[in-house]
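Peer 1: What follows is a structure written as structure tokens; I'll ask about it next.
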Amino acid sequence: MSLALYTCLFWLCTSGLWTTQAVTDEDSSSHRDLAPTNVDFAFNLYKRLVALNSDKNTLISPVSISMALAMLSLSTRGSTQYLENLGFNMSKMSEAEIHQGFQYLNSLLQQSDTGLEMNMGNVMFLLQNLKLKDSFLADTKHYYESEALTIPSKDWTKAGEQINNHVKNKTQGKIEHVVSDLDSSATLILINYIFLKGIWKLPFSPENTREEDFYVNETSTVKVPMMVQSGNISYFRDSAIPCQMVQMNYVGNGTTFIILPDQGQMDTVVAALNRDTIDRWGKLMIPRQMNLYIPKFSMSDTYDLQDVLADVGIKDLFTNQSDFADTTKDTPLTLTVLHKAMLQLDEGNVLPAATNGPPVHLPSESFTLKYNRPFIFLAFDKYTWSSLMMSQVMNPA
């Protein structure tokens, strides 16, 4: 199965929802030439993780993972074959153009949107006296702003503390913990991390947030802070796929699809997720007057990508089939890649609570939609159509 590294970036090349953004001459650069042969990489990966954790919260950032994998192609002697296996047509695009595209994309995502608080990056930790070649270090720094830090200690506890402290500093304290009980035979540990929090275009008022029941399953109920909003909100009820949803925009380029499967239909809805489904939903959204209840929560997850990428067709990086001879000076390179994602969903209001006015009056005759059972949260950047976050929320408490 041919998989594309670049997740959802070029969905705007299709009709409807994906063609809302104008393209300037400056923007028509190499990052737009990253059009994948299979833009369903994000959903393939998400579905695999959900299958492995069907009764648990699942959270990943496909675009962040994509950048990490593209960066690692710089380390392999057979990089052309590696990139072709990931879905790139190397007869139409050079390796340099691919990396230049990711370089520009990274700049767009991290600098052009004031409505998203996002910290995203890659950092390589070198163990067991591993020394990387200057050319590889220069390329990863230039294209991906990646750092390489040496861990001199063979004490795994101290090594884990160094990794955690570095990521905590890079995310301004948002991500405090990445690894625990670190015991790895790897000589290079790549940490791919992202923190995301958005400001809603139509914010919730903290004055209206209240404690409500959330039904985790048939036997388990938890109390969660439930945000409340009343107004015209983009809504769609799917007659073909058993779910209903709202689309809510962040200030700036961010947008979200918050999907509520019918009772017991989570697996059916997850199986139906793909580019065409999201495109169809976007076209069919209509404003509806409603009382909307969504849990306020903070979620984080950590994955060893070796465990999941092999299941979606990418495994050679973690085996002796990858030739890293052009990357290291002496010590053989063995690789571990960890993905850490954190999502914060709150009222998203830039104003102090005291200035938000009195609690909203919820009209009794309005339609009420409560996300009080497991749901799906998808966040995209509308300008690049990058898949920022994908989450299955089984228990927001």
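Glycine too: its Cβ is placed from the backbone N, Cα and C atoms.
According to Swiss-Prot, the record shows the following:
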- Gln247, Asp279, Trp385: cortisol binding site (BINDING)
- Asn89: N-linked glycosylation site (CARBOHYD)
- Asn169: N-linked glycosylation site (CARBOHYD)
- Asn217: N-linked glycosylation site (CARBOHYD)
- Asn232: N-linked glycosylation site (CARBOHYD)
- Asn253: N-linked glycosylation site (CARBOHYD)
- Asn320: N-linked glycosylation site (CARBOHYD)
- 1-22: signal peptide (SIGNAL)
- Cys243: site 'Conserved cysteine within steroid binding domain' (SITE)
Peer 1: What does DSSP call Asn169 (N-linked glycosylation site) in the simple three-state scheme?
Peer 2: helix
Peer 1: Closest to Asn169 (N-linked glycosylation site): which of the recorded positions Asn217, Cys243, Asn253, going by Cα position?
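Peer 2: Of the recorded positions Asn217, Cys243, Asn253, Asn253 has its Cα closest to that of Asn169 (N-linked glycosylation site).
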Peer 1: For Trp385 (cortisol binding site), which of these recorded positions sit within 10 Å, Cα to Cα: Asn217, Asn232, Cys243, Asn253?
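Peer 2: Of Asn217, Asn232, Cys243, Asn253, within range: Asn253.
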Peer 1: Please identify, among the recorded positions Asn232, Asn253, Asp279, the one with the smallest Cα-Cα distance to Cys243 (site 'Conserved cysteine within steroid binding domain').
Peer 2: Asp279
Peer 1: Fill in the CA-CA distance, Asn232 (N-linked glycosylation site) to Gln247 (cortisol binding site), as an integer in Å.
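Peer 2: Checking the Cα atoms of Asn232 (N-linked glycosylation site) and Gln247 (cortisol binding site) gives a distance of 11 Å.
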Peer 1: Taking just the CA atoms, what is the gap between Asn217 (N-linked glycosylation site) and Asn253 (N-linked glycosylation site) in Å?
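Peer 2: Each residue's Cα considered, Asn217 (N-linked glycosylation site) and Asn253 (N-linked glycosylation site) end up 34 Å apart.
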Peer 1: Which secondary structure state does DSSP assign to Asp279 (cortisol binding site), in the simple three-class scheme?
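Peer 2: In the DSSP reduction, Asp279 (cortisol binding site) maps to helix.
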Peer 1: Give me the count of other Cβ atoms within 10 A of the Cβ belonging to Asn232 (N-linked glycosylation site).
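Peer 2: Taking all protein chains shown, Asn232 (N-linked glycosylation site) has 11 Cβ neighbours within 10 Å.
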